[in-house]
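Feature list (source: TrEMBL):
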| type | residues | note |
| --- | --- | --- |
| ACT_SITE | Cys137 | active site, for GATase activity |
| ACT_SITE | His242 | active site, for GATase activity |
| ACT_SITE | Glu244 | active site, for GATase activity |
| ACT_SITE | Asp285 | active site |
| ACT_SITE | Asp443 | active site |
| DOMAIN | 62-256 | domain 'Glutamine amidotransferase' |
Amino acid sequence: MEGVRYASFTSFATTKSSSFSALSPSSIIILRQKPHKKALKSISHRNLVISASSASNSVVTLLDYGAGNVRSVRNAIRYLGFEIEDVRTPKDILNAERLIFPGVGAFASAMDVLTKTGMAEALCTYIKNDRPFLGICLGLQLLFESSEENGPVNGLGLIPSVVGRFNSSNGFRVPHIGWNALQVAKDSEILDDIGDHHVYFVHSYRAMPSDDNKEWVSSTCNYGDDFIASIRRGNAHAVQFHPEKSGDVGLSVLRRFLNPKSQGTKKPTQGKASKLAKRVIACLDVRTNDKGDLVVTKGDQYDVREHTKENEVRNLGKPVELAGQYYKDGADEVSFLNITGFRDFPLGDLPMLEVLRHTSENVFVPLTVGGGIRDFTDANGRHYSSLEVASEYFRSGADKISIGSDAVYAGEEYIKTKVKTGNSSLEQISRVYGNQAVVVSIDPRRVYLKSPNDVQFKTISVTKPGPSGEEYAWYQC
């Protein structure tokens with residue numbers, strides 16, 4: 001997995017970087033959103049102003065088949081002043097004025113749902129009829145002939161090419177996670193505000209440009225090799241990156257698709273950005289105080305209480321407000337670590353779920369959450385898998401799940417048995433949501449040694465002697 005270095009609350013770090021089996025046709029159905037009372041809605045954020053001018057033009061149809069964090073796309077659409085109608089039947093696709101397909105998860109699972117519900121055929125017909133369409137991430141990949149992910153697996157077959165895994169033999173880590181630049185190949189309209197900005201990618205598979213699909217390709221991105229970053233043919237658009245997680249520039253991509261008539265002066269699409277960028281991650285330790293409120297805090301080895309007579313939990317602010325402030329200040333990702341999550345049942349941690357829901361309404365960069373994500377049996381004997389726990393976080397607005405102690409236990413078990421059981425939290429969650437949706441967060445501790453032979457693990461020489469004159473050290477989790 002792509003490693004991400006986390007910083008404490010008071011600092012920043014840089015980085016380069018619902019199980020499908022439970023789904024049925026009826027589970028795709030989401031309640032229709034209530035219409036806004038106002039026909040005119042204008043929103044301003046940073047330097048971005050977006051308007052939806054009339055009720056008849058402010059509705060977009062969303063194809064949500066029940067996997068991953070589609071809440072972020074919903075929030076971005078609403079933030080831009082548009083209403084959402086969810087796809088209930090294939091007919092809803094055919095009748096859509098504008099259709100957004102935010103694909104998340106594994107290629108095979110998504111195609112299975114689309115095929116069984118009749119959505120696949122309707123989707124092909126809609127796009128072939130040159131209706132306004134925007135696919136996001138997997139919503140782009142499914143347009144191709146097939147994928148090698150757990151396959152080969154047939155796709156919708158609209159664009160020539162096979163979706164394959166990134167080549168990691170050239171030293172590039174897989175998944176491709178981070179903010180990268182686009183090379184715009186032709187006029188795409190929705191990319192007109194990109195300029196020299198970076199956009200957010202998180203994927204392990206990609207489609208490659210070729211003579212057979214060049215008429216579709218509107219931009220490419222380089223990660224070891226050039227791959228297709230976006231396509232455009234007529235009114236059909238699709239992007240491999242996540243506009244709903246790319247800050248203001250990503251919101252502009254959605255705006256230009258949703259309301260193309262409101263576009264002003266065309267801006268240059270080709271800038272100087274040319275590679276994966278180092279970005280800023282704001283990391284917030286969160287826990288409940290003695291009043292039961294979630295607060296951002298900081299301490300040493302979970303000692304987060306003030307050294308005062310009251311001995312209260314150190315309170316550095318409210319999680320939602322601080323996350324929003326860091327986003328406005330330029331953070332490219334926000335990470336929440338619930339440092340008391342390991343003590344409680346995460347699915348019962350309603351305040352933390354609410355933090356995610358409210359944060360995702362106004363923060364349009366990736367959100368990571370960790371703390372207590374593991375298999376769990378409650379007081380009534382009901383067993384919950386780590387996948388069920390993670391799924392609730394994804395539905396509440398998380399883009400990535402951070403695994404701590406459970407990852408250490410899984411690693412120790414593998415070292416001992418040399419067997420991958422498929423039952424660890426890492427394996428369960430990545431199997432459904434993709435390994436790009438899981439990160440490992442470990443607190444290391446330096447252990448000093450007199451001799452490198454004292455332990456079986458590889459040691460490193462220390463630049464300065466240890467407390468008792470030790471010459472070697474290794475890191476223990």
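Note that the numbers count up from 1, one per residue, in the order the chain is shown.
Using the three backbone atoms N, Cα and C, a Cβ is placed for every residue, glycine included.
Sequence-distant contacts of Glu244 (active site, for GATase activity), defined by Cβ-Cβ distance under 8 angstroms and a gap of at least six in the same chain, are Ser72, Val73, Asn75, Ala76, Pro102, Ile136, Gly250, Leu251, Leu254, Phe364. You'll find the Cα of Asp285 (active site) roughly 26 Å from the Cα of His242 (active site, for GATase activity). Rounded to a whole number, the C-alpha distance linking His242 (active site, for GATase activity) with Cys137 (active site, for GATase activity) is 7 angstrom. Listed in sequence order, Pro102, Gly103, Val104, Val202, His203, Val239, Gln240, Phe241, His242 are the same-chain residues at least 6 apart in sequence whose CB falls under 8 Å from the CB of Cys137 (active site, for GATase activity). Summarising model confidence by region, the domain 'Glutamine amidotransferase' (62-256) averages a pLDDT of 91.
Of all Cβ atoms in the shown protein chains, 26 besides its own fall within 10 Å of the Cβ of His242 (active site, for GATase activity).
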